[in-house]
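Following: one structure in structure tokens, then a few remarks.
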Amino acid sequence: MDKRQTVVSTANQQQTLTTSQGMPVDGNQHSLTAGPRGPILLSDIHFIDKMAKFDRERIPERVVHAVGAGGFGHFELTHDVSKYTKAKFLNGVGKQTPICVRFSTTLGERGFSDLDRDPRGFAIKMYTEEGNVDFVCNNTPFFFIRDPLKFPDVIHSRRRNPQTNIRDPNMAWDFISLNPESIQNIMFLFSERGISDGYRHMDGFSAHAYKWVNAKGDSFLVKYHIKTDAGVKSIAPEDSVKIEQRTKDYSAEDLWNHLGSGKAASWTFFIQAIPEAEAATYRYDVTDITKIWPHGDYPLIPVGKFVLTRNPSNNFAEMEQVAFSPGNICPGIELSNDRILQARVFSYPDTQRHRLGANFEQIPVNCPMYGKIHNYQRDGPMRVDGNQGGGVNYEPNSLGGPVEDPSTAAKPVAVSGHAMRNLYANTGDIDMEQPRAFWERVLKEESKKYLVNAMTKSMRTCRPDIKQRMVTLCTNVHPEFGTRLKTALENVDAPKL
Ligand code: NDP
């Protein structure tokens, strides 16, 4: 049985009210006082227990992706992909694996509108027989930066001004105008798809290349595309403003009501796969997360379905405490040299240890569902799983402790070169090729107008030098794009260029 279903509501069963130690509570409306007008007594154990718990209700909010919602369901393998991977949950057509999914926005603090123009998170935890495997995706197939050393900077620039605590478009556009590799993500974000109509109507992308390895040891660089079966749908900015007057939780509400009414939400999972040897000479650097792989070069290969069928039983227990990491992989799925992926593999568990504690894997939603954990790790705050009982806690040992399985080792990776702050080699006009294709081939006239209009609105109060740099950057993408942006910026009610 799905362990998570054991968290059931007892609201209708008229249980006796207790303290957190289980002692029956005699009264919950009036404090224990010395006489009707006297002070509260320290011996009001229930009052102190209740207030102390309340005082500690908040845990640190996620540093990004604080606003979110999700649910539970399963992944079903619909196609044979044994040619690409030996991962057990991806072998055996028809096999189902339980999943937990959390959608989110990126920048907003808890309580912020979930209709913000912002990349959406789309994180999936699969409880496989080889441990938890997470796909920690976004609804954009690329990212703003390709070196993680800039990650805090890109997030700071799009957040609040440190002095005024107000979001400052100067900061965001200053950063972008000085990072040409961001432009493809910006064009997606300021297109119609930048404001998804809820979480059910958006796609998810790994954006990273992972490495998949089959049973023979053949390896492939693989990107994930998780396409909504409900169709991509967006909300016009003027409509989102109206909705935000009623609720800041539109996307969460839509998902809750949909799953709550007994309907399922589903996505089809595709991959793009490049044989590893071919990847080395591919025109685009496969470790560069600011690039897609054109579908014409590597078409989508169907794999399976992600299906959500039920809401969480409790938001804090499951959605607030769920802890994802792109480093949660299994034999047959390995990391690539994508620098952002490598950094996330460190950063996600690092932030979970800070946010949830050293033993965050023991929180039920994060526990591997199949089999127990066997290792030599012990103790730490909130160790609640029995701490592996009387099992031996060191290795080597002669006591029959758990042993390694060398057959699960990752494929050896050849490395060469100098240890130094290496630049990405393949940059320059190649960074403009894909945004140019997006402008020339993908965007229809209406979408081009929308894009220029949305960027202009966001940039209208920016300093002239920032606007000028953005016009130059967009001109490098396509002269028509640059000219249209320049004209639009000159015609909004703001300082001229
Ligand atoms: P294709 O024509 O094969 O694919 C275009 C892609 O763009 C499709 O995935 C499509 O999604 C998506 N798209 C269509 N309209 C919009 C929009 N308004 N906003 C955002 N995405 C949209 O071309 P290529 O594969 O050669 O890619 C060309 C450009 O398309 C890329 O440079 C990139 O900017 C963009 N793109 C490419 C993706 C890829 O993985 N190849 C993924 C997403 C965007 P749908 O099928 O749902 O309409």
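Placed from the backbone N, Cα and C atoms, the Cβ positions cover glycine too.
TrEMBL entries are annotated by machine, without manual review.
TrEMBL annotations:
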- 1-26: region 'Disordered' (REGION)
- 18-403: domain 'Catalase core' (DOMAIN)
- H65: active site (ACT_SITE)
- N138: active site (ACT_SITE)
- Y348: heme binding site (BINDING)
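A map of TrEMBL features onto the structure.
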| residue | record | Cβ within 10 Å |
| --- | --- | --- |
| H65 | active site | 22 |
| N138 | active site | 22 |
| Y348 | heme binding site | 19 |
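For the domain 'Catalase core' (18-403), the mean pLDDT of the prediction comes to 97. Taken residue by residue with DSSP, H65 (active site) is part of neither helix nor strand, so it is coil. Here the CA atom of H65 (active site) lies 11 Å from the CA atom of N138 (active site). Cα separation, Y348 (heme binding site) to H65 (active site), rounded: 12 Å.
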